[in-house]
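> Got a structure for you, written out below as structure tokens; questions coming shortly.
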Amino acid sequence: MHHEENLASAVAAVHSGFGDEPLDLAIILGSGLGAAAEHVAVTGLWDYRDFDCFPRGAVAGHAGRLVAGTLHGRRVLLFQGRFHLYQGFSAWQSAMPVRLAHALGCRRLLLTNAVGGIHSDLQPGRFMFVQDHINLSGDNPLRGMPGDIFIDLCHLYRGDLYPDLHQQALARGMTLYQGVLAAVAGPSYETPAEVRALGRLGADAVSMSLVAEAIMAGYFGMELVGLSFVTNRAAGLATRTLRHDDVLAVGQTGVRQLAVLLELLCRLWWR
Ligand SMILES: O=P(O)(O)O[C@H]1O[C@H](CO)[C@@H](O)[C@H]1O
Ligand SMILES: Nc1nc2[nH]cnc2c(=O)[nH]1
């Protein structure tokens, strides 16, 4: 059904602005984290509306732009903004940026997002390296895809990069936690009872994104790292009312740490 999309014109647009040598890394930037693109020596810039194959619609805090350039010697694509199920999109639609990155020959993907912390170590302002996920979104991006869709997800994330990344981040004054990310469809935040239940299921943090893109990356055999930035304690764990504006404001405070993690990751991944 929906696999008849036309990626060709988006691929041609990126090739004409950025050249057609293979890409090293694609990065999807979560809520409030878009400014991490400022660390890139920019060669090309496109509005998502320039790509016919992209879903239409934006969320506050997501610029809806694709930035191409070099970062620590690597050819990178940065997606400033993603597509969420709560915007009315399917998981397959929300994984569009991953299909474009793959069509451009990119073999490595870094996914970032804003999350609510459930584990007591995951206080606002901290990053979690995604070890594994629990997909409670009710959808899977491979529904209706061609080819081998019965993929094994046991080694979806490059967990082997964690020990060194953690050590090197510590040396730069940053503690990087490792944990399990749960994803729900949203857009309402959780109830306190849901957060208690998620904690018992083994979730350390909760989000409304990332897992569809991760599964699509697994389908293509791409190497994947997930970094979740804790913008708030999950519902019922703090007295503050949850607001997207606060998620964005706290998210922006993660940009500096993300820039450090990006630098370390670029070195570790290609050593
Ligand atoms: O996943 P990102 O886009 O980083 O943002 C997270 O923050 C928003 C809720 O405030 C939701 O979109 C949730 O998924
Ligand atoms: N589901 C969910 N997503 C978030 N994104 C940022 N904070 C949260 C949260 O508390 N819950």
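Each residue, glycine too, has its Cβ placed from N, Cα and C.
Heads up, TrEMBL stuff is auto-annotated, nobody curated it.
Checked TrEMBL, it gives:
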DOMAIN    25-263  domain 'Nucleoside phosphorylase'
BINDING   Ser31, His62, Arg82, Phe83, His84, Ala114, Ser209  phosphate binding site
BINDING   Glu190, Asn232  purine D-ribonucleoside binding site
> With every protein chain in view, what's the tally of Cβ atoms within 10 Å of the Cβ of Glu190 (purine D-ribonucleoside binding site), excluding that atom itself?
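For Glu190 (purine D-ribonucleoside binding site), the count of other Cβ atoms within 10 Å is 20.
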> Consider only the binding-site residues His84, Glu190, Asn232: which of them have a Cβ under 6 Å from an atom of ligand 1? Write none if no residue does.
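Passing the 6 Å Cβ check against ligand 1: His84.
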> Of Arg82, Ala114, Ser209, Asn232, which binding-site residues come close to ligand 2, meaning Cβ under 6 Å from one of its atoms?
Ala114, Asn232
> Out of these binding-site residues, His84, Asn232, which one has the fewest other C-beta atoms within 10 Å of its own C-beta?
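Across His84, Asn232, these binding-site residues, the one with fewest Cβ atoms within 10 Å is Asn232.
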> Just checking: which of Phe83, His84, Ala114 have a Cα that is within 10 Å of the Cα of Asn232 (purine D-ribonucleoside binding site), counting only these binding-site residues?
Ala114
